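Per Swiss-Prot, S-adenosyl-L-methionine binding site is recorded for 153, 174, 196, 239.
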């Protein structure tokens, strides 16, 4: 079976509304990308919670809608344009054919074993383990963020390897796939807890943890609050994004035992000052390492709590 993609270049102000309108008009999937991708004008952009919809797109955005080959693409564009108050003539579009493929095989071919730090391997289930003597996680791409391919995940994993939490309690806040929680457990942490706001992430983390024979408890935030579990930890790791990390500064800092360590990633090098400022009343954070423009911040909680806190 073949498919047809509708490709439309629009201003940032229309990108999200047009995406929704194309869905409503019959598109099977819609993506938004930088119209200047691959050129000197390409603009790195990372959507974060708290962003206005118009901020989560590029000045020149390319909206790509996948449709059945037999669909009336011109009618889909016209309906979408009308629903957002534009004339169809204002939306110039091109079409491109997409041949059907063995998508499972294609996806698998894009994921190879990943070597992280000194002795960690993340290996998809369809690959052989390169080094059975290493610390190995079997992990497939799935519903939740975290396969070790992104610099922020690697930074947190490398921090854990360099500061092995032997016998310590560890909290992975925003656990996603559970990759950091599992690494902590395989590095001989005592109690390990993962928390995420996404039920699908919890489902994914539980599946991955059972596959890797790790003992980790996973909770949604409300479930954790009602669990009776100790609410502070020797090590707290949060690989999220700068805006939510700033908003959660009092809560995350409050999860760290006196003398314990807090590790944050999901922070761009250009965002270091604003994130460290948010945590300054609680924990002094410094840049531990940087990869590809992303940083890991780390700091130790005071042994005694400052007056007034």
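Placed from the backbone N, Cα and C atoms, the Cβ positions cover glycine too.
Remember, predicted model here, so these are calculated numbers, not experimental data.
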Diameter of the S-adenosyl-L-methionine binding set by C-alpha atoms, the set being 153, 174, 196, 239, in angstrom: 15
Number of Cβ atoms other than its own within 10 Å, given for residue 239 (S-adenosyl-L-methionine binding site): 28
Coarse DSSP state, helix versus strand versus coil, of residue 196 (S-adenosyl-L-methionine binding site): coil
Three-class DSSP secondary structure - residue 239 (S-adenosyl-L-methionine binding site): strand
Coarse DSSP state, helix versus strand versus coil, of residue 153 (S-adenosyl-L-methionine binding site): helix
Mapped DSSP class for residue 174 (S-adenosyl-L-methionine binding site), helix or strand or coil: coil
